[in-house]
Amino acid sequence: MNHDWHGSRRSAHHGKRCEDEDVRERKKKRERERERERVSPAAERLRHILREDDEPTPTLFTEMDTLQHEGGEMEWKESARWVKFEEKVEEGGERWSKPHVSTLSLHSLFELRTCLQTGCVLLDLEGYSLPQIVDDIVEKQVQKGLVAPEIREKISFVLLRKHRHQTKKPIHRSLADIGKSSPSNPSPRSASGVHRSTEDLRSRQSGGLSKLHPSQCRSMNDISVTPSSDQLKNKFMKKIPRDAEASNVLIGEVDFLDKPFVAFVRLAQAATLGGLTEVPVPTRFLFVLLGPNGKTKSYNEIGRAMATLMVDDLFSDVAYKARDREDLIAGIDEFLDEVIVLPPGEWDPKIRIEPPKKLPSADMRKSVFSLNELGQPNGNAGGGPASAEDEEMPAPHELGEELAFTGRFCGGLWLDIKRKMPWLLSDIYEGFHIQSISAVLFIYLGCITNAITFGGLLGDATDNYQGVMESFLGTALAGAVFSLFGGQPLIILSSTGPILIFEKLLYEFSKNNDIDYMELRLWIGLHSCLQCLLLVATDASYIIKYMTRFTEEGFSSLISFIFISDAIKKMTSTFNYYPIDRDFKPDYITTYRCDCLPPDQVSSLAHNASSGLGIDNITDYPMFNFSAVDWSQLNKKDCVRFGGSLVGKSCKYVPDLALLSFFLFFGTYSMTISLKKFKASRYFPTKCRALIGDFAIVISILVFCSLDYVMSLETPKLHVPTQIKPTRPDRGWIVMPLGKNPWWICLASFVPAMLVTILIFMDQQITAVIVNRKENKLKKGCGYHLDLFWVGILMAVCSFMGLPWYVAATVISIAHIDSLKMESESSAPGEQPQFLGVREQRLTGTLVFVLTGVSVFLAPILQYIPMPVLYGVFLYMGVASLHGIQFWERIKLYLMPAKHQPDFAFLRHVPLRRVHLFTLVQVTCLAVLWILKSTMAAIIFPVMILGLMVVRKMLDLVFSQHNLAWLDDILPDKDKKKKEDEKKKKEKKKAKADEQNSDEESKKPREIPPSVKIPLDLMNPNPPNSDPSVSDLTFSVLKIR
């Protein structure tokens, strides 16, 4: 009975599930049908020709030439060009204008639409030379009755005139022509020029040339067949992407036409048409517009509209894939849907709009749903309703498959090895770049400065059991091994503050309990190594995916502030060693003197014996005749050496080294910041600016080291050990595991090792997450498990050798990435260089740590580097690592009035008070971490990082998931719920909108929208009373969707 009841329950459940699936399928089908009804005909047409699986089309270089009549001759002169933005030929300055955004009149777009509707459209024309193409165009026009046969040769003659580009100066203008005034009324001159050309043409025909086909008559072809030397040497080719093709727009007015001659041609294969284009780029598209006299401005605006369309990402795809004339019209309609109209009285059309720093992606326009989805235009002005882009949720924070839980023993480690193996060879040869030299020198100076500082503090904390020498060797060994074999070689290993606190507490515990410090430290290192390997084997790095931007930014901001604080503290400590002489009075300069007074022999002997000065240099001190010494002539050093006393106000004078040190410190930082920004300046060529930007830190260090050398003052210098030997004489390079401590120490050290493991795990993995951010565009993947594996192994090796423990250094790793960023080289004029990613390789990190190891032999050179210069480098590292952190940007919002705040995306979707509340929570957490860091409680710092994750979890109770999606990231367990909520919300909105539309349609009768005809008076070659079939050009119905 019970079995039957369960069976009937399962069948009912199965039937209900099938019924639910049927309901969902019917809903999806109805949604697709509604979508088809809502999409415009133009969008529906573009759906079929723009497919995601199609290969990308080439980039188009567009050139517009206008027909000029000068000196009775005709020629085509280049007037503008486009790669992405428009550049005009400025006649007065004989140069190209600055690249700017094309501003088009809406009327010119309507006229262009009509031109394509009424003109000749030739798609996939087989053409290999300009005369042949011109013949085919004219022949097609004659066949369709658009052009009278008797003017066929005149059109061919005009289209085959020579093209003069901006790189060439006019050869037919003599010195006598310079004094002539510019033509104010072009019509008479144009007429005379054409009449003369027509007369020449008739004379050629009377000489028997009329028997030849126009394309065979070489006297009519005034354009070169092959590219000229000027074209081949044109440096503008560097700005055009490889495999680019050209589209040529020819605009002119002649007196033998009574209506416009329009042709749009797409060649089946791109062909180099001699001197037609400024650069030797094969032509794929040709647009010709010849019309009657008197409408130059109208023709130029139509040509500019056509050229602007050709460089538009979506329309260029349409032009390449169009099957007929209607596809091109649909492309223009889509462009018109995106157009935003500016009121004529609220802006100056003469102002050239600067290109934006970042161009929006065309993928949204190319996607299916962006093409007039829901029956609304895609274009959206600032004051209109929210666009589709604004309504979208931000991209989810995905850490990738590297943190997927495999459930197998060492499964994650094995996947990391398989992921990194194919890149081993490229990790080496991709490092051979001039940019790597700058990165190596920059990171090397940062590493040795950190090693010296940490080594000195560690020596004080452990009574020199570990000192500067151990710090240098440990940094070199651990860093080189990790850079060669680690999962993410861009990470730089270093010692950290919590490790220093732990070492200090461990040494004090060992000293107070008569336990050998080095042996106890060895066992702690071995246990921590085993614990790290256990975490690797069980894929424990999986928990890192629960660390959102809230935790990452809190951790990285803290480390950045520590770097900034330490740099400033070290700089201000210089004022204690070299205080400023505040008692100096310029008016009493005559009273400032310092005399060396001789003591008696007994007091002198006692003084020297107590002070330990250089008595050993005097072989027979009691027999030394002090009376024979001229004490007034002794310098300060000899006076003190012989036991004399210095008396006077100026005896304590010290050169103002503190002020000079501050100048070196702040000058290094300021110059580095300025040179880094120099890459985006307007001075010098692009390559020169890029080189200066890459070597900004090296240049700054060299400049201020040279300044210090010229000043010849004893500023604090970098001191590096000169001998490879342990800092403490009574210890060796190998620590024995047994013999000095009780046996139970081997087991009991497991407990403090757990704290070290948590510290290592959190520091390493959070830094790895920050380095592997998607904003860095890393392509070779990462290896969280492989990184932790090598950190654990190196802990055991360093413990056996008595070297410090090392883990990923956040700020130095960020600086390493920043020094290896790549940008696009061949950017279009006006386009900002695009960030391409980071130069991922193992060479720079390996060279940094090899140089650190051999720094002992470089001591004679390194001793000339002032410490304030290195403190300036530290300050730059800390400030630069704050760049791009949303938390820092939100802190600055507290100081900005609402109307002056930047247009951040999260400010559009989250109320400002909620943004400030979220920032306040982060600031509070950061303050707590800072207080803990400054006390002996810093040893529990890793546990507090875990506390940030708990705080982030509690924020789900205070903030909505929508707000957290914009201010932070959705936690993995909340992501699914969030998507379901958004889906239900969207379905409710659609259902409500459908009900309203159906109600309105039922109340109103269906009516056919009337046709809208806009007369194009500017293109009318005849008076208003002439035949309307000739004088009026209208365009078809434009549906207002």
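Residue positions begin at 1 at the first shown residue.
Note: Cβ is positioned from N, Cα and C throughout, glycine not excepted.
Listed in TrEMBL for this protein:
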REGION    1-43  region 'Disordered'
COMPBIAS  32-43  compositional bias 'Basic and acidic residues'
DOMAIN    59-349  domain 'Band 3 cytoplasmic'
REGION    166-228  region 'Disordered'
COMPBIAS  216-228  compositional bias 'Polar residues'
REGION    372-392  region 'Disordered'
DOMAIN    408-971  domain 'Bicarbonate transporter-like transmembrane'
TRANSMEM  428-452  transmembrane segment
TRANSMEM  472-501  transmembrane segment
TRANSMEM  522-544  transmembrane segment
TRANSMEM  657-678  transmembrane segment
TRANSMEM  690-711  transmembrane segment
TRANSMEM  742-762  transmembrane segment
TRANSMEM  783-807  transmembrane segment
TRANSMEM  843-862  transmembrane segment
TRANSMEM  869-888  transmembrane segment
TRANSMEM  927-951  transmembrane segment
REGION    976-1033  region 'Disordered'
COMPBIAS  992-1007  compositional bias 'Basic and acidic residues'
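If you look at the transmembrane segment (657-678) against the transmembrane segment (843-862), you find fewer than three C-beta pairs under 8 angstroms, all six or more positions apart, and that falls short of contact.
Only sequence-distant pairs (6 or more apart) were considered; of these, at least three Cβ pairs between the transmembrane segment (843-862) and the transmembrane segment (428-452) are under 8 A, so the stretches are in contact.
Residues of the same chain lying 6 or more positions beyond the ends of the transmembrane segment (869-888) and with a Cβ under 8 Å from any Cβ of it are 442, 445-446, 449, 549, 553-554, 556-557, 559-564, 566-568, 570-571, 664-669, 672-673, 676, 697, 700-701, 704-705, 708, 718, 775, 810-812, 814-815, 818, 906, 919, 922, 967. Of the two recorded stretches, the transmembrane segment (690-711) lies close to the transmembrane segment (428-452), with three or more CB pairs under 8 Å once pairs fewer than 6 apart in sequence are set aside. Within the chain carrying the transmembrane segment (428-452), a Cβ under 8 angstroms from the stretch's Cβ atoms is held by residues 468, 471-472, 475, 479, 492, 494-495, 691, 694-698, 701, 718-720, 809, 812, 815-816, 819-820, 822, 839-845, 847-849, 851-852, 855, 862, 865, 867, 870, 873-874, 877, all 6 or more beyond its ends. Just going by CB pairs under 8 A, the stretch in 472-501, 522-544, 742-762 that sits most against the transmembrane segment (783-807) is 472-501. Nonlocal intrachain contacts for the transmembrane segment (742-762), taken as residues 6+ away from its ends with a CB within less than 8 angstroms of a stretch CB, comprise 498-499, 502, 506, 515, 519-520, 523-528, 531-532, 535, 540, 788, 791-792, 795, 805, 807, 939-943, 945-946. Over the domain 'Band 3 cytoplasmic' (59-349), the average per-residue pLDDT in this prediction is 78.
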